[in-house]
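Undergrad: Here's a structure for you.
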């Protein structure tokens with residue numbers, strides 16, 4: 001659409017005609033607005049179909065994050081016999097949490113701060129269904145952005161009505177002004193184009209380039225990039241320089257430009273586990289869902305193009321070799337770190353004339369562990385878990401040891417396989433879960449491993465899953481300081497222009513038990529979050545912490561006088577990658593296998609959803625697809641408008 005056509009289209013849609021200024025204003029403000037819609041793929045007779053099965057069928061859901069929980073809840077309500085399998089000892093995925101001992105007390109911790117936006121329609125519905133009320137949330141007082149080279153910009157709760165929402169953002173900015181924004185005609189067009197989001201066209205035209213290139217080619221006003229687009233797009237957990245321009249447009253459409261809800265979001269007054277995940281787990285069990293925590297799905301059992309069972313890890317569950325490694329690669333002392341073709345990290349060492357091998361996945365969340373020279377054991381940087389040289393947990397959230405693997409010599413090679421009951425110090429009996437339907441709702445890494453070990457016959461599907469990627473690693477550094485930081489007026493800040501810090505959260509200002517601890521001790525609890533660390537900035541932990549501390553001092557100078565009484569540093573990589581070109585290879589909810597479905601924020605869907613809402617939405621989509629197979633009523637799913645207001 002050319003500029004002239006666009007303005008003709010705009011005037012027509014807005015109701016603007018010659019000599020009709022009043023009607024134009026009414027048309028613009030009244031009719032031409034984003035409105036909540038419904039994503040409905042059911043047929044015309046959907047309401048006439050039964051809601052539940054008369055005879056239960058078995059469904060296995062793999063993954064206990066938001067996608068798996070939402071799918072399990074919907075299937076259980078339809079009278080399916082649901083088993084949910086989660087490798088971690090707790091549910092929640094990226095919302096999971098655990099307790100630590102610090103300063104003589106127990107504190108809950110998690111992966112980092114989460115804001116809950118009003119347009120998370122499906123997520124909020126799921127919370128409400130589990131009895132999670134408004135008392136667990138408080139409204140954020142604003143959306144402040146700290147810049148490295150100028151004053152803080154505070155974006156308050158913006159109006160929900162277009163064009164006042166975007167004009168409000170510009171008006172609230174100290175750096176931007178309406179006239180300079182409107183005068184920058186060449187750079188205004190690509191911004192307006194972001195209001196033209198339309199799934200097919202947007203991904204056809206813009207998925208081949210990154211968002212920064214899109215902005216620079218379009219000559220977007222640099223001040224608008226620095227003040228609005230860059231800090232907000234970083235929250236995708238993908239750097240603007242490697243984020244697909246099409247995905248960025250979907251993101252901004254969902255969160256702001258196409259949302260009927262403005263910038264409003266809520267924060268929780270308790271930790272994620274007690275406020276959200278535990279009530280959801282109780283709701284699942286009340287509906288009859290069997291929840292298996294600490295059990296890993298090893299592979300799917302396939303027969304005649306269907307999944308007949310899900311095989312869980314355990315003694316006797318071997319499914320061929322895990323890895324084959326030349327003996328010469330194993331060092332004389334220390335451990336060899338090896339990544340198998342299926343993406344499984346393996347640790348191998350010499351023990352005299354014999355060999356020992358461990359599964360290198362942390363038993364907390366499956367992140368790769370690394371040998372720690374100072375202790376002789378292993379460290380998981382994701383959640384600061386530690387294991388001794390035998391693989392037994394010694395600190396942090398992991399409770400189970402690293403699984404022992406079998407090692408067999410074959411000439412000059414070592415063949416690494418799943419442990420037999422005689423070689424593993426901890427024996428877990430293998431189990432096969434028969435199923436009529438299966439939903440894979442794991443994260444990217446877990447799904448890749450599962451499908452690789454399943455070895456499905458459809459190479460196209462296997463290739464799609466294998467191509468899934470994770471974003472650059474992110475860092476969460478939470479510190480307990482011995483004094484408050486009085487200049488912190490907000491509980492949460494977005495940050496722009498620093499090497500690492502992308503946001504900073506003051507937990508002691510809004511969440512228990514940190515509020516009480518701060519009152520008793522006179523201190524504060526602060527969390528610095530780096531959303532996506534560029535490859536050139538991935539450095540040893542002490543260097544990153546030192547730099548982030550300097551950034552804290554720059555943002556809040558009074559912190560220079562504070563002493564860190566306790567700290568937790570986590571660095572991990574488990575958020576979905578949204579790189580240029582990824583979209584075309586991304587698998588959808590339905591697969592080439594009649595009873596196998598996928599769910600997660602990484603799953604392709606035409607609906608304008610993102611992050612947590614995408615996880616819950618695709619979980620519900622999977623349940624709807626299964627319902628269609630059984631001629632059951634499908635649930636219409638609320639969404640923001642499918643298209644931008646200028647589409």
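Cβ from N, Cα, C; glycine included.
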Undergrad: Given that Swiss-Prot annotates 67, 86, 87, 94, 601, 612 as binding FAD, state which candidate in 120, 593 belongs to that site as well.
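TA: Swiss-Prot names 120 for this FAD site.
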Undergrad: Going by DSSP, is residue 380 ([2Fe-2S] cluster binding site) part of a helix, a strand, or coil?
TA: strand
Undergrad: With the cut-off set at 10 Å between Cβ atoms, which of these binding-site residues ends up with the most neighbours? Options: 87, 380.
TA: 380
Undergrad: Taking the mean position of the Cβ atoms of 362, 364, 380, 383 as the [2Fe-2S] cluster site, which residues outside that list, in the same chain, have a Cβ no more than 8 Å away, listed in sequence order?
TA: 363, 365, 366, 367, 369, 382, 384, 385, 396, 397, 398
Undergrad: Show which residues of the chain containing residue 362 ([2Fe-2S] cluster binding site), separated from it by at least 6 in sequence, have their CB under 8 Å from its CB.
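TA: Looking at Cβ-Cβ distances below 8 Å from residue 362 ([2Fe-2S] cluster binding site), excluding near sequence neighbours, one finds 368, 369, 380, 382, 383, 385, 398, 402.
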Undergrad: Using C-alpha atoms only, work out the spacing between residue 94 (FAD binding site) and residue 364 ([2Fe-2S] cluster binding site) and round it to an integer in Å.
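TA: Distance (Cα to Cα, whole Å): 12 Å.
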Undergrad: To the nearest whole angstrom, what is the C-alpha distance linking residue 87 (FAD binding site) and residue 364 ([2Fe-2S] cluster binding site)?
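TA: That separation, Cα to Cα, works out to 8 Å.
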Undergrad: Which whole number is the mean pLDDT over the domain 'Rieske' (322-416)?
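TA: A mean pLDDT of 89 is what the predicted model shows over the domain 'Rieske' (322-416).
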Undergrad: Within 10 angstroms of the C-beta of residue 120 (FAD binding site), what count of other C-beta atoms is obtained when all protein chains are considered?
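TA: The answer is 25 other Cβ atoms.
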Undergrad: Per 10 Å Cβ neighbour count, which of the binding-site residues 67, 612 ranks highest?
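TA: Selected residue: 67.
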